[in-house]
Amino acid sequence: WEFNGSFYQPSAFLMMGIPGLEALHHWISIPFCALYLVALLGNCLILFIIKKTQSLHEPMYYFLSMLAVTDLGLVLCTLPTTLGLFWFNMRRIGFNACLTQMYFIHILSFIESSVLLAMAFDRFIAISHPLRHPSILTKTTVLKIGLAILLRGMVSLLPIPFLLKRLTYCGKIELSHSFCFHPDIMKLACADIKVNVFYGMIILLSTAGMDFIFIVLSYILILKTVVSLATKEECLKALNTCVSHICAVLVFFIPMIGLSMIHRFGKNVPPLINTLVAYTYLIIPPALNPIIYSIKSSHIREALLRALRRKKD
């Protein structure tokens with residue numbers, strides 16, 4: 001503990017694995033390793049295919065590249081502490097290291113939310129204004145959107161580590177997960193955390209909350225456009241281009257909303273449920289997104305098959 005008058009700050013926190021199953025951590029690490037491996041290889045493969053395939057150099061796949069980079073970032077943020085705990089029982093994480101990990105986890109989560117919104121906008125323009133799509137979403141425009149998404153996440157979350165550093169901590173230093181999460185850390189403080197709660201809620205609603213609302217509005221407009229199409233075949237073809245994105249949105253937002261609700265209102269929720277929802281939120285989307293897009297996108301699938309044939313030859 002660091003002491004400065006009446007101000008107390010822990011030098012480190014203790015991370016938790018899966019409550020009640022500590023003796024099985026080595027076995028539990030096997031599916032986690034598999035998910036991390038799928039996420040790393042899958043997203044790297046998506047990036048490689050998009051870079052090497054000239055026909056995929058268009059807005060939809062540029063945004064998919066941003067999603068893959070974000071997913072890789074999320075995996076690399078949680079992998080060291082999660083596997084370190086499961087394999088070697090390394091529970092200790094320094095106070096500043098914990099705040100750094102928390103900052104990047106939250107930034108990458110909000111960036112993923114914003115990228116999914118950008119992808120919804122891309123689908124809306126492609127379906128509602130197909131002839132104007134190339135002129136509206138140029139490479140420069142996509143780059144500007146990417147930079148705006150990055151700056152939005154970085155600036156909006158910048159005060160969070162400083163709001164946590166100003167608090168006095170006492171008593172418990174055990175986190176609920178094998179990674180650092182803002183609501184989890186602030187609950188360990190024995191000071192007034194109203195500012196942290198209020199700011200965290202405002203940022204969540206103004207970023208991920210607004211992103212989700214605009215994604216829903218985008219699909220309402222897409223459905224209105226699709227319904228007006230002349231033939232059933234055109235309607236199905238237009239909707240088919242959105243299936244993979246809808247799956248990615250559901251895989252990301254459902255666990256995110258669940259985890260936020262548990263941390264804020266789920267005082268009586270069993271710790272095991274809290275832990276499973278947290279892991280689902282941070283590990284499942286990076287592993288599933290490349291699989292979803294590889295299965296549903298014929299362009300990526302064909303590019304992947306061509307790459308495999310070249311290697312065989």
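Even glycines carry a Cβ here, placed using N, Cα and C.
Residues or ranges marked as domain 'G-protein coupled receptors family 1 profile' in TrEMBL: 42-293.
Counting only same-chain residues 6+ beyond the ends of the transmembrane segment (24-50), those with a CB under 8 A from a CB of the stretch are 17-18, 56-57, 61-62, 64-65, 68-69, 71-72, 75, 79, 82-83, 85-87, 89, 279, 283-284, 286-287, 289-291, 293-294, 300, 303-304, 307. Annotation source TrEMBL lists transmembrane segment at 24-50 (among others).
Tertiary proximity for the transmembrane segment (62-88) is limited to same-chain residues at least six positions away from its ends with a CB under 8 Å from its CB atoms, namely 15, 17, 25-26, 28-29, 32-33, 36, 39-40, 43-44, 46-47, 50-51, 101, 104-105, 108-109, 111-112, 115-116, 118-119, 122, 139, 142, 146, 149, 178-179, 248, 282-283, 285-286, 289-290, 293. Among the features that TrEMBL reports, transmembrane segment is placed at 62-88 (among others).
According to TrEMBL, the transmembrane segment annotation covers 100-121 (among others). Residues of the same chain lying 6 or more positions beyond the ends of the transmembrane segment (100-121) and with a Cβ under 8 Å from any Cβ of it are 60, 63-64, 66-67, 70-71, 73-74, 77-78, 81, 93, 145, 149-150, 152-154, 156-157, 160-161, 164, 179-182, 185, 207-208, 211-212, 214-215, 218-219, 245, 248-249, 252-253, 256, 282, 285.
The transmembrane segment annotation in TrEMBL covers 142-164 (among others).
According to TrEMBL, the feature transmembrane segment maps to 197-222 (among others).
Annotation source TrEMBL lists transmembrane segment at 243-266 (among others).
Taking Cβ pairs closer than 8 Å, the transmembrane segment (272-292) reaches residues 16-20, 32, 35-36, 38-39, 42-43, 45-46, 67-68, 71-72, 74-75, 78, 105, 109, 112, 176-177, 179, 181, 244, 247-248, 251-252, 255-256, 258-259, 262-263, 266 in its own chain, all 6 or more past its ends. Residues annotated as transmembrane segment in TrEMBL: 272-292 (among others).
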Intrachain neighbours beyond the transmembrane segment (243-266), with Cβ under 8 angstroms and 6 or more residues off its ends: 67, 109, 112-113, 116, 119-120, 123, 181, 183-184, 197, 201, 204, 208, 212, 215, 219, 273-274, 277-278, 280-281, 284-285, 288-289, 292-293, 295-297
Long-range environment of the transmembrane segment (142-164) - Cβ separation under 8 angstroms, sequence gap at least 6: 59, 62-63, 66, 99-100, 102-103, 106-108, 110-111, 114-115, 118, 182, 185-186, 189, 195-196, 199-200, 203, 206-207
